[in-house]
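For reference, the structure I am asking about is given below.
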Amino acid sequence: MDKLIITGGIRLDGEIRISGAKNSALPILAATLLADTPVTVCNLPHLHDITTMIELFGRMGVQPIIDEKLSVEVDASSIKTLVAPYELVKTMRASILVLGPMVARFGEAEVALPGGCAIGSRPVDLHIRGLEAMGAKIDVEGGYIKAKAPAGGLRGAHFFFDTVSVTGTENIMMAAALANGRSVLENAAREPEVVDLANFLNAMGAKVSGAGTDTIVIDGVKRLGGGRYSVMPDRIETGTYLVAAAATGGRVRLKDTDATLLEAVLHKLVEAGAHIDTGSDWIELDMKGKRPKAVNVRTAPYPAFPTDMQAQFIALNAIAEGTGTVIETVFENRFMHVYEMNRMGAQILVEGNTAIVTGVDHLKGAPVMATDLRASASLVIAGLVAEGDTLIDRIYHIDRGYECIEEKLQLLGAKIRRVPG
């Protein structure tokens with residue numbers, strides 16, 4: 001199993017390019033199953049989850065064509081099986097996103113209950129209830145969700161999400177694109193990745209309006225056709241590198257990104273003492289060598305502060321001046337990284353859904369273990385600011401969400417290397 005070794009204490013300085021958003025690329029890839037002609041998706045990040053989704057397509061008889069620039073052409077007309085098997089689905093929660101498109105386009109689907117990061121319960125009941133509202137008959141047995149559309153296809157429905165669910169919104173929105181009649185989704189997720197998926201569906205001929213608000217309206221169409229679409233930049237990768245630079249007192253310029261996607265994060269970085277400039281497709285952060293100030297953070301669905309940036313800000317607060325609180329309202333059990341950071345000398349106290357972080361002058365390198373995707377990123381940041389060497393184990397979590405993380409950090413001057421397991 002690969003490991004990362006980081007020698008800390010170096011200020012990050014330089015320029016890197018931000019990759020396409022994993023959390024946008026995965027639903028967009030799933031949505032290609034709705035089209036009856038080839039679709040090309042560009043700006044895909046080179047990540048394990050993307051590879052797994054493409055491998056899943058191959059198992060189903062769809063043969064994607066990938067070029068050297070990580071664009072992929074998908075022709076779903078060649079699909080041979082409507083089963084998403086457990087051995088692939090178990091490693092990636094986003095595989096549930098093929099459920100809606102397959103039922104809508106082919107009338108049935110059999111998808112193993114998904115895996116992915118072990119963060120709280122993350123139930124799939126909203127996906128199931130949404131499809132049932134559209135007339136699908138669904139059974140959950142033997143670890144599989146077995147869904148069948150009614151004769152004549154799915155019917156448009158008015159569906160209210162009891163809790164805001166990004167993947168739930170995406171799955172039902174995709175299914176509704178080919179349903180008969182109008183669907184109205186209330187209390188829908190407002191995340192930019194949902195908007196990106198809606199834009200992709202509309203580029204294929206769908207009629208989706210309201211994405212980015214809590215009410216999305218979809219008028220079903222008879223067919224969706226191919227086209228070419230570029231995935232939006234990854235706002236969480238953007239935020240992670242900005243926090244890494246801030247924690248080390250450094251300066252970075254990030255290209256091919258969009259400052260409007262993470263205003264809540266930028267606001268907190270300014271509060272921490274960062275100087276930030278932005279353009280249409282770049283962000284520059286400069287700490288001017290200063291130690292950051294502790295900030296208080298409360299996670300909530302977009303456009304509030306994202307839960308996927310919570311762990312990184314705990315790492316920032318760990319070496320900041322003062323004490324900051326981080327309140328997690330989206331997922332339970334999302335402070336597993338705290339115990340690893342405390343082994344490095346951090347002073348973090350967890351009380352329920354709140355982490356109280358008292359900044360220390362420095363952390364000390366230590367062997368630590370990644371527990372989930374964003375927790376791993378926070379340990380990388382901690383390693384960058386720590387004295388001595390930090391060895392991070394189980395970095396397959398990092399590879400699920402960050403493209404070439406060690407190469408990008410090396411471009412910024414970090415001493416980091418991967419050791420094959």
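Note: Cβ is positioned from N, Cα and C throughout, glycine not excepted.
Note that the structure is a prediction, hence the values are computed from the model and not measured.
From Swiss-Prot, here are the annotated features:
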type	residues	note
ACT_SITE	Cys117	active site, proton donor
BINDING	Lys22, Asn23	phosphoenolpyruvate binding site
BINDING	Arg93, Arg122, Pro123, Val124, Asp125, Leu126, Asp308, Val330	UDP-N-acetyl-alpha-D-glucosamine binding site
MOD_RES	Cys117	2-(S-cysteinyl)pyruvic acid O-phosphothioketal
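Tell me what's around each of these sites.
Sequence-distant contacts (6 or more apart, same chain, Cβ under 8 Å) of Lys22 (phosphoenolpyruvate binding site) comprise Pro45, Leu47, Asp49, Ile50, Asp234, Arg400, Gly401.
Reduced to three states, the DSSP call for Asp308 (UDP-N-acetyl-alpha-D-glucosamine binding site) is helix.
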Looking at the binding-site residues Asp125, Asp308, which sits with the largest number of other Cβ atoms within 10 Å of its Cβ?
Asp308
If you draw a 10 Å sphere on the Cβ of Leu126 (UDP-N-acetyl-alpha-D-glucosamine binding site), how many other Cβ atoms land inside?
19
For Val330 (UDP-N-acetyl-alpha-D-glucosamine binding site) and Asn23 (phosphoenolpyruvate binding site), what Cα-Cα distance in Å is obtained after rounding to a whole number?
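Rounded to the nearest whole number, the Cα-Cα distance is 17 Å.
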